[in-house]
Amino acid sequence: MAIINMSDLDLQGKRVLIREDLNVPVSNGVVTSDARLRASLPTIELALAKGAAVMVMSHLGRPTEGEYNSEFSMQPVVDYLAKALSSPVRLATDYLDGVEVAVGEVVVFENVRFNKGEKKNDEALSKKMAALCDVYVMDAFGTAHRAEASTNGVGLYAPIACAGPLLAQELNALGKALDNPARPMVAIVGGSKVSTKLTVLESLSGIVDQLVVGGGIANTFIAAAGHNVGKSLYEADLIDEAKRLVANAQSRGGDIPVPTDVVVAGEFSPTATATLKSVSDVSDSDMIFDIGPDSAEALAKIIESAGTIVWNGPVGVFEFDQFGEGTKRIAQAIADSKAFSIAGGGDTLAAVDKYGIADKVSYISTGGGAFLEFLEGKELPAVAMLKKRGA
C-alpha cells in the first residue's frame, strides 16, 4: 500500500492543513531551540510554492487538555515562523468552526492540546479539523506513534491525507536502515534501563549482526556475565533476560560484547573523580559511569567495519566530561565510518551536538518515542492511517 506524498499533489488554490511537530522549548516568550522549527520550514515553503492556502498545527508542552494556558501558546512559534518566512503569519485561536485563510497565507492554529478530546483521538474533533481543509498533511514523525485527533483522526476524514516531505524522508531513512540494510549491521543501544528498551533490544537482536549495549543497560549485561557492578544502576530482575538476549545473538553468529574495562566513581556528580578499572576489579562501592578506552576501541573497530549503523543512546554519562570519553569515541567512529548511519533519541542527539558530528551522520531522526517504536517493529498509527488513505 502506497502512501500519498504531498510533493506529488497539485495544491493550487487548495486549503492545506499541515500537522508539524513544533513542540519546542520556550523561555520568556522566545523559542530557545529551533531545530524542529527549521526542519518544518521546507514543507511549509513547498506548500506555499505550490499555491496553497496554508494552515499549520502542533502541540506545545503538556497543558491541561481543553484549557487555554498562555504559557503553552503557539505565539512564540508564530513569531519565529514570521521571521523565518519573511512574511506575516497569523495565530488562529478559535478555528474549529472555520478559519479564513488566503492563498499564499500561513495561519498557525493555537495549541491542539487546548482542544478537549485531542489525546483520545475524539471523532467529533477529528471531523471538525478535517472539515477545515482540502488536503491534510501529516509531517510530524515525532508524534507519529500517538493516535490523536491532530495526528491520526483528522487524516481519516480529510478529503485527501498524505505524508509531508519530512515524514517521508524519515520513513525512507528508517526503511533503508531496517528493511534492507547493508551488512554488517551494527546497533548501539544505550540508556539507563533494560526494561524501557527491552522490546527494542529483542527486535534488533533478531536483525543486526552486532548489538552493542551501553550506559545503565550495559551494567545489567556486565552483571549477567558474572561480574560485580558495585553500586551501579542495573536491573537484577532482568539478568536472565540479558543472558537470553546474548544466547540469541550468539546463535545467529553475532554477539553482545560486554566491556572489558570501565570508568568508575564513588558518587554521581559533575565533580566525581573518574577511575579506570578492569571490569573484573569493580568493587562493592564503585559506580560504573562509562566504558574504558580498550572497550571503546573494540567498539570503534566493530563500527569501522559496519555497512549500516543504528545509534540510540550514549554509552556513558557523557554530560560529565570525565565520563564522556566512551561516547565521544563511538561518535568519532560513526563520523569516520562510510556506513549508512542513523541516530535518534534525545540523549543521542545531545551527544551528536556535543561532539560536533551532525554533518557526518547519514540521517538524524527527529522522533524519540516514534524512533524507538519503529525500531521495535511496530506500525506507527499515523503511518497505518496514511497507508489506509493511500489504498
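A Cβ is built for glycine as well, from the same backbone N, Cα and C atoms used for every other residue.
Per Swiss-Prot, the features are as follows:
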type    : residues                                                               : note
BINDING : Asp21, Leu22, Asn23, Arg36, His59, Leu60, Gly61, Arg62, Arg113, Arg146 : substrate binding site
BINDING : Lys197, Glu319, Gly345, Gly346, Asp347, Thr348                         : ATP binding site
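All features noted in Swiss-Prot, drawn onto the structure.
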residue	record	contacts (Cβ under 8 Å, 6+ apart)
Asp21	substrate binding site	Arg36, Ser40, Ser58, Asp139, Ala140, Phe141, Gly142, Thr143, Thr366, Gly367
Asn23	substrate binding site	Arg36, Ser58, His59, Leu60, Gly61, Gly142, Thr143
Arg113	substrate binding site	His59, Leu60, Gly61, Arg62, Pro63, Glu65, Phe72, Lys119
Lys197	ATP binding site	Val189, Gly191, Ile217, Asn312, Gly313, Leu372
Glu319	ATP binding site	Pro270, Ala350
Gly345	ATP binding site	Gly191, Asn312, Gly313, Ser365, Gly368, Phe371, Leu372
Gly346	ATP binding site	Gly368
Asp347	ATP binding site	Gly190, Gly191, Gly313, Pro314
Thr348	ATP binding site	Gly190, Trp311, Asn312, Gly313, Pro314
Three-class DSSP secondary structure - Asp347 (ATP binding site): helix
Largest separation between Cα atoms (Å) of residues that the record links to substrate, namely Asp21, Leu22, Asn23, Arg36, His59, Leu60, Gly61, Arg62, Arg113, Arg146: 18
Sparsest Cβ surroundings (other CB atoms within 10 Å) among the binding-site residues His59, Gly61: Gly61
Maximum Cα-Cα separation in Å among residues Lys197, Glu319, Gly345, Gly346, Asp347, Thr348, which the record lists as binding ATP: 21
